[in-house]
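Peer 1: If you look up TrEMBL, you'll see Cys103, His105, Glu139, His164, His363 marked as Mn(2+) binding site. What TrEMBL lists as domain 'Peptidase M20 dimerisation' is 188-278.
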Amino acid sequence: MLEKMQQLLNDHYDEMVEIRRHLHENPELSFQEVETPKYIADYQRKLGNEVREGVGERGVVAVLEGGKPGPTVALRADFDALPIHEETELPFASKTDGVMHACGHDGHTAELLVLAKVLTSMKEELAGSVVFIHQHAEEYAPGGAQAMIADGCLDGVDVIYGTHLWSMIPHGTVEYTEGPIMAAADKFSINVKGKGGHGAQPHMTKDSILIGAQIVQTLQHIVSRNVDPMDSAVVSVGHFESVNAYNVIADKVKIIGTARSFEEDVRDLLEERIITLAQGVASGYGAEAEAIYERGYPAVINHEEQAKIVGKVAEQSAGIDHVEVTSPQMGGEDFAYYLKHVKGAFFFTGAMKPDAKVTYPHHHPKFDIEERAMLNAANVLGGLVLETFDQMK
Ligand SMILES: [Zn+2]
Ligand SMILES: [Zn+2]
């Protein structure tokens, strides 16, 4: 059955490219998707699958019931684009100024739709069901996953898998790991309120720039002095703002940064330390600091058994010549929420263009993928469905 599926996917590769290019030309921003979900729903409906639109507001869920009883496997692909002006000069570049599929979600959708077509054509032989979760708004917190889950997209699902095409990983490679694979991505903002004054009379002021600089330094001690050396965390300040005349002592400073972690207790620690240190440093100087910690997506934590299955299936998949256990990435993904509800795993499918002189990262205006990577991803995802049907029968 695996060979049959691989052959059919191969036969439909041109269609996968066609769908990807159509979506690439017509990108839509997170929480503003209208035509994309309509296109997906039409495609799934034509296959004869049961389709539910507007799931969690903009998502699409299609269900394929196999001819024989068995488990239910969900596969998820996101479909939103980014507020980036495309500079690739591809013949199918974005037709919408300032909006671009610069993360490969066009590819995710194309590979899942064609896989749906192939699996639907094998329907009678399938010993289980497949739920295709087409998710809106991955790029912009709070994301679409939580709303889709609340709207029942995981009802009856036994296990879930998802992949991200990755331009920085060579084509033909699959990377996965057991446990954490992507980080919790949080944001903090600190407003320092001192007392401004004349640059020549520092003793009459509470210098917000000096206090802010001290806070930035102190925050760097959290990872080195508070976090367990065996755990991972990042605290980065990306924004420090205070504009005054050269001879003025600043009244206010605004500091904004990001905190990344994998474990919930480390995340709690980062939140508590950032707030306490910012307030403590400011009060030491007789000033005030208001610190706000906003939680983004939690860490993506793969279930051990399903991660092992990803490794095994990838080894047997057409187009994959290298399978690697990777170290986790500090980027965020709202696939994390699905894994809090059901067992499953997330992995990376290498999509680096083999002959490109320069490889651009995700979210870059010149970002592009090797399109054959979509076929590889579909092969692994389809293989995971068949493997699960076989194991859980
Ligand atoms: Zn992205
Ligand atoms: Zn992405």
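Numbers run from 1 along the shown chain.
Heads up, the Cβ atoms here are built off N, Cα and C, so glycines get one too.
Predicted automatically and left uncurated, TrEMBL annotations should be read as such.
So where do these features actually land, and what's packed around them?
Peer 2: Spatially close to His105 (Mn(2+) binding site) yet at least six residues away along the chain are Ala77, Asp78, Phe79, Asp80, Ala81, Glu138, judged by Cβ distances under 8 angstroms.
On the 0 to 100 pLDDT scale, the domain 'Peptidase M20 dimerisation' (188-278) averages 97 in this prediction.
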Peer 1: Within 10 Å of the Cβ of His363 (Mn(2+) binding site), how many other Cβ atoms are there?
Peer 2: 13
Peer 1: Can you go through the binding-site residues Cys103, His105, Glu139, His164 and pick out those with a C-beta less than 6 angstroms from ligand 1?
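Peer 2: If the test is a Cβ under 6 Å from any atom of ligand 1, the answer is Cys103, Glu139.
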Peer 1: In the three-state scheme derived from DSSP, which category covers His164 (Mn(2+) binding site)?
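Peer 2: Going by the DSSP assignment, His164 (Mn(2+) binding site) falls within a strand, counted as strand.
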Peer 1: Measure the Cβ-based neighbour count of Glu139 (Mn(2+) binding site), defined as the other Cβ atoms within 10 Å of its Cβ.
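Peer 2: Looking across every protein chain shown, the total is 20.
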